[in-house]
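Here is what TrEMBL records for this protein:
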{"type": "DOMAIN", "residues": "177-308", "note": "domain 'SSD'"}
{"type": "TRANSMEM", "residues": "148-169", "note": "transmembrane segment"}
{"type": "TRANSMEM", "residues": "181-208", "note": "transmembrane segment"}
{"type": "TRANSMEM", "residues": "214-234", "note": "transmembrane segment"}
{"type": "TRANSMEM", "residues": "254-273", "note": "transmembrane segment"}
{"type": "TRANSMEM", "residues": "279-308", "note": "transmembrane segment"}
{"type": "TRANSMEM", "residues": "355-385", "note": "transmembrane segment"}
{"type": "TRANSMEM", "residues": "559-576", "note": "transmembrane segment"}
{"type": "TRANSMEM", "residues": "588-605", "note": "transmembrane segment"}
{"type": "TRANSMEM", "residues": "611-631", "note": "transmembrane segment"}
{"type": "TRANSMEM", "residues": "638-658", "note": "transmembrane segment"}
{"type": "TRANSMEM", "residues": "692-714", "note": "transmembrane segment"}
Amino acid sequence: VHFALLQTEALKPLGFAPGPDKVTYEDVCERHVVTLNCSSESVFTLIGANLTNAEQSVQALRAQGDPSLGKVLSGDSSALRLFYNVKTPEVKSRRLFAESNPAKEKALAWEEAFLVAEKARPHRGTGGLLEVYCMAGRSVEDEISKNVIGAAPFMAGAINLILIFLAVLLGGKPCQRSRFLLALGAVAVIQLAQVAGFAITVVCGAPLTDMTLLLVFVAVGVGVDDVIVITDAFDQQDVTLPIARRLAGAFEHAGLAIFLTSITNLVAFMVSATSDLPAIAWFCLTAGWVVSALLVLTLTLYAPLLLLDERRRAAGKYDCLVCVTAKNRVPESEVAHEAARAQDPGLLRKVLKRALLPVVCQPVPAALCVVVMLALAAAGVAAAANPASFKMGLDLKDSFPDGSYLVTYLDVILPRHFGGIVSPLEILVQGVDFGNLALQERLVKLQGDFAGCPQALGAVSSFILPMRSWENCTVDGRAVAGQSFEARLKAFLASPPFSSCGSLGGSNSSQVHPSNYASSIAWNSDRSRVEAVRASLSITVSSKVQGRIDSMSEFRDRFATHGLSGFVYSYYFLFADRDAKMWELIQSTLIYAGITVVIIVGLFVHPVATALIALSIACIDSTLLGLMSLWDIPIDAISFICLAMAVGLSVDYVVHLAHAALENGMPKGRAAVRKQIEKALDTTGASVLKGAVSTLLGVLLLSAAPTAVFRLFFKMLS
C-alpha cells in the first residue's frame, strides 16, 4: 500500500501544469544524455513499475549493496526520497538589469508551482499512512529571502521610531518652533544617500544582495549622527547673528569632524571590500558609496534645509504647513528663552558633565577606567587568539525564518531517516592515462577507500568495474578485447543493459546500465582520449557548520593520500570553504581597516590624539570580539559585516569627540585638559550620545524579528 500510494504521489508532478504558460515537468527536466528521458530518481526507477514483488526487490537491492539505494531509501525502509531533477541554467550575470533568462525563469516557475501544490496537499495521505515533505532547488534562496520579508515591518518600525526620536531631538515647541518637517527632510536625505550609493554600486557592476538591506542601519546610524551634530552646532551659535552666518559657524565647528568621520568610514569599508568573500565585498563596497553620498548630501542638501526651516521658524510659519503664517506668533520673549536654552547646558549635557567629567579628569578614576577598558580589550584579544572559543557559523535552524518547512525537513526528517542531509560527493580525476591497468587499480582502491568512510551511503558509482564486468560477462565485451582503451570504453557506453557476473566494488547489483556512466566521462575535442573521469557517492552532511568543515577537510585529505591529480567536490563545500576561512578573513580585514583608518586620521589630527583614537577603536573592537565569544555569537558573514559596521560607527563616535576636545590644539596643564574635555562634552558629547541612542532604539526592534539572522544583528549592534 505504501509503494502504491507513493507511486501515485510521484507521478502527479510529471504532468503538473501551473499558470497560463502550461509549464510541465517535461519542459524543465534534466534529461539523460543518451535516452533523453527525464532523469527522475526514486525506488521506482530501481525496482520498476511492477510492485507485485516490491518488498523482495528492495531486499535484493539492499543485499547487493546498490549504491543508488541509500540516497532514495532509508536504512529501515520507513522513508523514501523522490527526486525530480530540474535543469537550471547557470546565471551568467548578476547585474540588477541583466537580461532575463527564459529557461531559468521557466524552471523557477515550475518549482514554485510544485512547492505550492505539495504544501497545499494534506500532511498525511490516505488512511493516515504517509507523511509528505518537499523542497526544491529554489527553496533555500526563497526561505533566506523570507528573512528579509519577515523583518521588513520591524525595519520600517525602526525607521519610524528613529524619525520620531529625531524630531524630538531637533527641538522646538509645536507647532511653530518644532522641526518635524526638518526631521522628515533629514530622513529623506539619508534615504536618498542610500539610493545614490546603490546606484553607484550597480554602475560598478556589483550586485545588490539580501545583505544590502542591513545598510539601512549603517546609513541611519551615520546619517542621524551627522544631522544631530550639525543641528546642535547651529543651535549653539549666537542667535543675534544672521541665519546664514550661524550656519557657517556650525560648518566651521562640525564640518571638519563630519568630513573626517566620513572619510575614515569610507576607507574602512573600502578596505573591507577587498575581502575574498564576494557577498561581504559587495556589501562593504555599497556601504562605502552610501557613506560618501551621505557626506555630500548632508552638506549640500540637509544644510540648506536647515537654513530654510530656520527662516520658516523666524517668520512664524507652521511646521509642515510652511505656507501658513500663524495668527498668534510665538512671542519674541519665548523665542529668546528657547535660544537661551540652546546656549545653556540641557539636562543631557549636565548629566554628561556631572557623571563623566569627574571620572575622566581625576587621576584615580581615569586610571581605573583605562584599566577596565584595557582589561576588557585584553579578554577580547585572548578570545580572538583562541578561535575554538567561538561558534563557527549559523546553525541550520538559524539560517531560515522561524518555523520554516526547510528546517523541519533538513534538520529533523533527513537526520531521523537518513542520518543527516544527503548530498552527492563527486570525485574527479584528470590528467592521467586511464587505460593504464595500474592506474585503474589505484582508482578502484580510491573508490573502496571513500565507500568505507563514515559518511558514505553505499558504494561509489564509477565506470571502471562495470566496464570490466561487461568485458568478462558479455559477448560484445569479449569481442572488443585487444582494442584500445578508448575504443572499448565507447563500445561499453553504447551497449545495452546486461547482467554482471562479478563484484562491482561493494555493489553486487546484477543489472548494469552502461549509458548511465556517459555523463561521468570527459573526452577531448575529437573524442580520441579521456581527459577526466568522475565518480559519485551519496554522503550524509552534518547540520553543524564545524561538522561540515571537518568533513570537507577529511574528504580532501583522503583524496590527497592517493596521489592522483584532481579533487573532490560537494555542493556544501562552497559554504564550508567560506566558513573555514571566515576567522582568518575577519582578523586580517579588521587589522588592515584599522591601520588604514589610523593613517587617514593621522593626516588631520595631532599625533597624540591619533594614538588615543587608535587605542580606543582597538579596545572597542577587541571588547566586541570578547562579547561575541561570551554571548555565543557565531563567526559568520553576518557577524563579519557587523564587525565592519562597528569599525565605522566606533570611528564616527571617537573622532567626533577627539576633534571637539582638540579643536583648539593640545592642552597644556590639568586645568586646560579639564576645560577642553568639558567643552567637548558640552558641544559634541551630547550630540554623539543622541545619535547613538537613536540607532540603538532602531536596533532594539529587531530583537523581536521572526528570524535569527536579524536577532543576531540586534545582538551585535546593541
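All positions are counted from 1 along the displayed chain.
Every residue, even glycine, has its Cβ placed from backbone N, Cα and C.
TrEMBL does not curate its annotations; it predicts them automatically.
Since the structure is predicted, the reported quantities are computational estimates derived from the model, not experimental observations.
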Ranking 214-234, 254-273, 559-576, 588-605, 638-658 by Cβ pairs under 8 Å to the transmembrane segment (692-714), which is first? 214-234
If you count CB pairs under 8 A between the transmembrane segment (214-234) and each of 279-308, 588-605, 638-658, the winner is 279-308
When each of 148-169, 181-208, 254-273, 279-308, 355-385 is checked against the transmembrane segment (611-631) for Cβ pairs under 8 Å, which one has the most? 355-385
Across the domain 'SSD' (177-308), what is the average pLDDT of the model, as a whole number? 84
Can you find at least 3 Cβ pairs under 8 Å between the transmembrane segment (588-605) and the transmembrane segment (254-273), where each pair is 6 or more residues apart in sequence? yes
Do the transmembrane segment (181-208) and the transmembrane segment (148-169) share at least 3 Cβ pairs closer than 8 Å, excluding pairs fewer than 6 residues apart in sequence? yes
Hey, does the transmembrane segment (638-658) touch the transmembrane segment (279-308), meaning at least 3 C-beta pairs closer than 8 angstroms, sequence gap 6 or more? yes
Take the transmembrane segment (254-273) and find every residue of the same chain, 6 or more past its ends, with a Cβ under 8 Å from one of its Cβ atoms. 222, 226, 229-230, 233, 280-282, 284-285, 287-288, 291-292, 294-295, 298-299, 589, 592-594, 596-597, 600-601, 604-605, 644, 647-648, 651-652, 655-656, 659-660, 684
Within-chain partners of the transmembrane segment (638-658) [C-beta distance under 8 Å, separation at least 6 from its ends]: 211, 214, 217-218, 221-222, 225, 229, 257, 260-261, 264-265, 268-269, 272, 275, 277, 280, 283-284, 287, 291, 394, 582, 585-586, 589-590, 593-594, 597, 601, 605, 609, 612-613, 616-617, 620-621, 624-625, 628, 680, 684-685, 687-688, 691-692, 695, 709, 712-713, 716-717
